[in-house]
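Enquirer: The structure that follows is given in the form of structure tokens.
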Amino acid sequence: MWPLLLLGLLALIGPRPAAFAMDALERSQLREEARDMFYHAYRAYMENAYPADELMPLSCKGRVRGQEPSRGDIDDSLGNFSLTLVDTLDTLAVLGDFEEFEHGVKLVIRDVTFDTDLVVSVFETNIRMLGGLLSAHILAEYFQQRAGIMSWYRGELLSMAKDLGFRLLPAFNTTTGIPHGRVNLRHGMRSLENLRETCTACAGTMVLEMAALSRLSGEPVFEEKAHRAMDVLWQMRHRSSDLMGTVLNIHSGDWVRRDSGVGAGIDSYYEYCLKAYILLGEEKYLGRFNRHYDAVMKYISQGPLLLDVLMHRPHTNSRNFMDALLAFWPGLQVLKGDIRPAVETHEMLYQVIQRHNLLPEAFTTDFQVHWGQHPLRPEFLESTYFLYRATQDPYYLQVGKHALQALQKYARVPCGYAAVKDVRTAAHEDRMDSFVLAETFKYLFLLFAEPADLVLDLDEFIFTTEAHLLPLSLSTSGNASAAQLNPSALKVAPPIEPTAQNGHDLDEPRTCPSTLHLFPESVRRPLKNMVNGMCPRRSHRRKLHAVQFQVSSFYLKCVACYFFQVTRKTDNLKVLTV
């Protein structure tokens, strides 16, 4: 029945514009080019950098912390624990490379240790290392049962994840329960007690990985600590605006920076509010996300723009530029089912990319470059992938093609892919972050891949903020394993009845409108040439007023309920998952 309904919906939407069409041959060629891009970077790392944390693609050697000049806070991601390989294992699985996945798992088990006297970022170590270990463990068991490989595997990666989790726990020993931003892997908080500040995203992006670790290992302490931190953050929101600040004092609970947006310093907190509900089945997180989301759309969203405001004075903008990390937001809106503003913001970002070749690390409200760096971030491709899955609009395949070609032209070097130091000059930086392999190339490959091309049923998983795969079965068991993954996930979700919970109206993200107006082209059309119109190729600069880009009040809610493949039900509530 549902495949027939889907065909009917597509017929109502109407044909795709011929200008955006992509035939199967071209799509498969782009998929294979994305695969080649991954292996060009992966082999460069393995042959020239491993077991170092990262590849330095211009020097063609590994970046070992303590041996290279310090780059400041950015080096806190490095722990001399083969970061890039651990972060990349599940990308090998997504690509269907069983042999290299198994080889990588063996290397990690043999070579990686956490007993080092190094101070690392709790946030980065959690999302990259802990998330990578957990995802690889889950997939190793998955392949044991479904592909008949890795019969030797006995949960070694889970044991390593547990070891790492215990090394992160001292960071949670604060007055409020909000974790410190840094921890020493060997000595805990020794000599770090005077550090008092952390960012909202740093404290609020722990719960998926920590809860997964608890439910896989049977040790509840990890999930308990992460839930407490999320509860305290919720209590710290501004009660009038429902917005969050960016930097806080972990002991007093006072805000240090009250800027509120959806980009750097706060982004993945909002993401984990929604995904904690999806993965863990705890409805309090859905209510919190909806409150925050309504506040963001009321105060921060100004047409396609997302402009920071002051949490306590939400009608006052706090800066006149946007950063590249907010490019994840349209993808999160797709997961919620709010497609129209997702299309608008994504289109604005795409036009910025077309104007500057790559997305600069920050750009002004008149679309000039504010910070010119481009470290090959994945967020724009992430949102492109989710928009394509929700709409099946071939326009987003063309967007992905443009992004692929830009990476090949401006970032590819003989030894991997190099970050761009300034999009205006295309000068390179001797840097290839682990997320390039863990996320950027993963989303690029998945954008062009058909379901039949994949060895994994992605409907059984949710992506973490680092694009690691955690199974939806974690919500139904206190000690889940790959054996509980559902082999027959639904392909199309039926319409969802509206309901209310905890006094918050949950109608909007769950009711599907008429499909006669769902095609995103009608949303993009009014924004055509928006960036070039505001950012002409001349020295005269015209100030952008957000009111110029206010959209109509008509919202297209929950398109994704017809196109996403899975729903998960908690009592009488359902939420879209991917």
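Each residue, glycine too, has its Cβ placed from N, Cα and C.
Automated prediction, rather than curation, is the source of TrEMBL annotations.
Given the structure is predicted, the values throughout are model-derived calculations rather than measurements.
When I checked TrEMBL for this same protein, it listed these features:
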SIGNAL    1-21  signal peptide
ACT_SITE  E124  active site, proton donor
ACT_SITE  D267  active site
ACT_SITE  E361  active site, proton donor
ACT_SITE  E379  active site
BINDING   T465  Ca(2+) binding site
Enquirer: What's the CA to CA span in angstrom from T465 (Ca(2+) binding site) over to E361 (active site, proton donor)?
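Expert: About 18 Å separates the two Cα atoms.
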Enquirer: Return the count of C-beta atoms lying within 10 angstroms of the C-beta of E124 (active site, proton donor), excluding that atom itself.
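Expert: Excluding its own Cβ, E124 (active site, proton donor) sees 23 Cβ atoms within 10 Å.
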Enquirer: Given D267 (active site) and E124 (active site, proton donor), what distance in Å do their CA atoms have, once rounded to a whole number?
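Expert: Roughly 14 Å, rounded to the nearest whole number.
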Enquirer: Quick one, of the active-site residues D267, E361, E379, which Cβ has the fewest other Cβ within 10 Å?
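Expert: Output over active-site residues D267, E361, E379: least Cβ neighbours within 10 Å is E361.
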Enquirer: Which number gives the other C-beta atoms within 10 angstroms of the C-beta of the residue listed as 'Ca(2+) binding site', all protein chains shown included?
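Expert: Excluding its own Cβ, the residue listed as 'Ca(2+) binding site' sees 25 Cβ atoms within 10 Å.
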Enquirer: Work out how many Å separate E379 (active site) and E361 (active site, proton donor) at their Cα atoms, rounded off.
Expert: 12
Enquirer: Write down the Cα-Cα distance for E124 (active site, proton donor) and E361 (active site, proton donor), rounded and given in Å.
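Expert: Cα-Cα distance, E361 (active site, proton donor) to E124 (active site, proton donor): 19 Å.
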